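According to Swiss-Prot, the features are:
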- 239: active site, nucleophile (ACT_SITE)
- 199, 228, 239, 325, 465, 470: substrate binding site (BINDING)
């Protein structure tokens, strides 16, 4: 038995926000004290309450990592009252940022145990900064350990922002004790922390939920997560950071497999612009504060928690796509009836990062030929996966009306352009590519499915990224 109660988008927020932008709108920050709101289309994604895990406290504090930021929070601290088991997934970019290297080393040294905090700064990536950058990242972690009264390494560190610049490390170290003294387990504290890790994001991304596990049906566990990212998103991984926290007890040996599976079907299945960053990190911490039996890889609880964590990570990662720089559409691409999952995933990824597909969607043009072209040139696809005369393409409207068939078994349909245009007016769209089982279709085989989430390309994306550093 497994019960889920999710607290996610709950309509207009109780508190107010202001979006402060630079000359051309690329830096978006938040001030909860101002009597304004975030943009109407984004407001629905901000939770007005949450159910947060026991034993975790968080804070968002202003440092001024970027000189132009004179009052907005840009230092996030997540801390557990008790040591956690932990795991993390990192960028595959060869130029791994200093905080990535330090966090990897800490997890290796501690063997996924004894992790107590995560410290994150926005405004500077501390990437490609040499030995000095490594020392800066280590000093951030060590300062938090000092606040915790711990001599062994127990803090993971993350950074996000412009590559190739050193951190104003003295300013950050001076404010870490303030961040520590501000730790709390309230909704406003979690929201402020989620805001503190934002860069070009238009809204903070935070969700939480409760769940139960088969071995302890009488215990209600909580899971909370925050993430940031709006550009340079095409995992494995992209410019996104994320922290997932639960008060369920999870054995250290189970943490990495749980996270890897969840990330493969969520954060590694999204794309905004096809670029892979130097800093990506998704960390998962479990402190066991709610009690119960530890989840191990051989227990029934493992399967139950895997379902919870994967679904949760999908919901969180989709907020990144919805906040894609300049995005006007949230697109789901579903590859059905493939002979193998990995080939389906590669095809979905190719469609998701195609500039021609993305610009056609922005222009509300039902140019299915661009989708089919991407299917045909997808790299690394197993022979016999794509058989042209078995391939079909459709648009699935969000209103529940019948799908609009564009291509059926390799034959083009007469498309109702008026209906196609109406479907493309909506913010949400699903593209279905049915491979008909590929070469295995005649045998009734080939039922694998892969899903990717992505957004369109607009004029604003070029504006934001053409002026990022100014």
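From the backbone N, Cα and C atoms, a Cβ is placed for every residue, glycine too.
Counting every protein chain shown, 27 other Cβ atoms lie within 10 Å of the Cβ of residue 228 (substrate binding site). The local packing around residue 325 (substrate binding site), expressed as other Cβ atoms within 10 Å of its Cβ over all shown chains, amounts to 27. Residue 228 (substrate binding site) falls within a strand segment according to DSSP.
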